[in-house]
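Sharing a structure, written as structure tokens. Questions coming.
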Amino acid sequence: MPSAGLCSCWGGRVLPLLLAYVCYLLLGATIFQLLERQAEAQSRDQFQLEKLRFLENYTCLDQWAMEQFVQVIMEAWVKGVNPKGNSTNPSNWDFGSSFFFAGTVVTTIGYGNLAPSTEAGQVFCVFYALLGIPLNVIFLNHLGTGLRAHLATIERWEDRPRRSQVLQVLGLALFLTLGTLVILIFPPMIFSHVEGWSFSEGFYFAFITLSTIGFGDYVVGTDPSKHYISVYRSLAAIWILLGLAWLALILPLGPLLLHRCCQLWLLSLRQGCGAKAAPGRRPRRGSTAARGVQVTPQDFPISKKGLGS
């Protein structure tokens with residue numbers, strides 16, 4: 001019955017996955033709470049202390065005026081205006097920054113530090129995302145399909161010589177290494193140098209960006225005290241697109257490379273065992289060759305009658 005099949009599917013596959021999923025979320029929530037809650041409390045206390053010190057130094061202000069000023073700062077930050085610096089800060093909506101924002105929309109990264117504030121911009125963003133997100137998915141899927149079509153010839157590598165198999169695995173490993181350097185190592189180094197971050201912060205930004213998580217705590221080109229080149233954020237947007245394309249290529253390639261390495265390792269073990277067993281092979285103990293007896297055709301005469309029967 002359909003209900004019986006649905007229950008068996010739920011109990012055999014969906015329920016264990018659901019339990020594992022919920023347990024993983026609970027584990028993450030517990031660890032994040034242990035790691036971050038105390039730091040949040042310290043930051044909150046430090047902020048309140050700084051406000052009290054500010055009021056003590058400027059007695060002409062009261063608590064209400066202070067809270068109103070903080071509210072203005074928060075509203076400016078939500079609209080993408082950096083409260084640091086002055087009115088000469090670079091615009092968040094020049095062409096380079098707008099190109100960077102468009103890339104974060106179609107890739108669903110959504111840092112959250114910048115968003116349209118006008119009604120027309122919000123409406124356009126909705127329709128732009130409705131068309132841009134499927135276009136981005138189709139583009140990445142086509143790249144993955146092209147790679148899988150190329151890897152279809154690699155699937156039949158068992159018929160090739162062992163040297164060709166080794167060269168193929170080395171080529172795949174070299175591709176993975178170069179791609180990792182170009183996408184995940186060199187860009188964080190550049191971002192760290194330009195933005196004044198540590199390498200771990202730059203790598204964190206790169207991973208959060210390319211995984212499309214996009215917290216928005218680290219975003220390139222937003223420090224008003226730094227003078228960026230005009231195409232800096234545009235280059236960052238191009239890096240995001242290339243990085244996502246590289247991930248679309250690399251996801252089916254990593255498991256394949258591990259599978260090929262395991263196959264080569266097992267093949268080497270088998271050949272090594274066969275090479276050790278071949279020289280030491282001796283005849284059976286009960287055979288005539290083992291006893292040194294020479295056998296000739298005359299020892300087994302066959303009569304003509306026996307041949308004709």
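Cβ atoms are placed via backbone N, Cα and C, with glycine included.
Sharing the features that TrEMBL gives for it:
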| type | residues | note |
| --- | --- | --- |
| TRANSMEM | 14-35 | transmembrane segment |
| DOMAIN | 87-145 | domain 'Potassium channel' |
| TRANSMEM | 93-114 | transmembrane segment |
| TRANSMEM | 120-140 | transmembrane segment |
| TRANSMEM | 166-190 | transmembrane segment |
| DOMAIN | 181-251 | domain 'Potassium channel' |
| TRANSMEM | 202-220 | transmembrane segment |
| TRANSMEM | 232-258 | transmembrane segment |
Mark yes when the transmembrane segment (232-258) and the transmembrane segment (93-114) have three or more Cβ pairs under 8 Å (sequence separation 6 or more) and no when they do not.
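The answer is yes, given that the two segments have at least 3 Cβ pairs within the 8 Å cut-off.
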Do you know the mean pLDDT across the domain 'Potassium channel' (87-145)?
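It averages 87.
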Work out, from DSSP, the number of helix, strand and coil residues along the domain 'Potassium channel' (87-145).
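When I sort the residues of the domain 'Potassium channel' (87-145) into the three classes, I find 39 helix, 0 strand, 20 coil.
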Mind checking how the domain 'Potassium channel' (181-251) divides into helix, strand and coil residues in DSSP?
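So the counts come to 46 helix, 0 strand, 25 coil.
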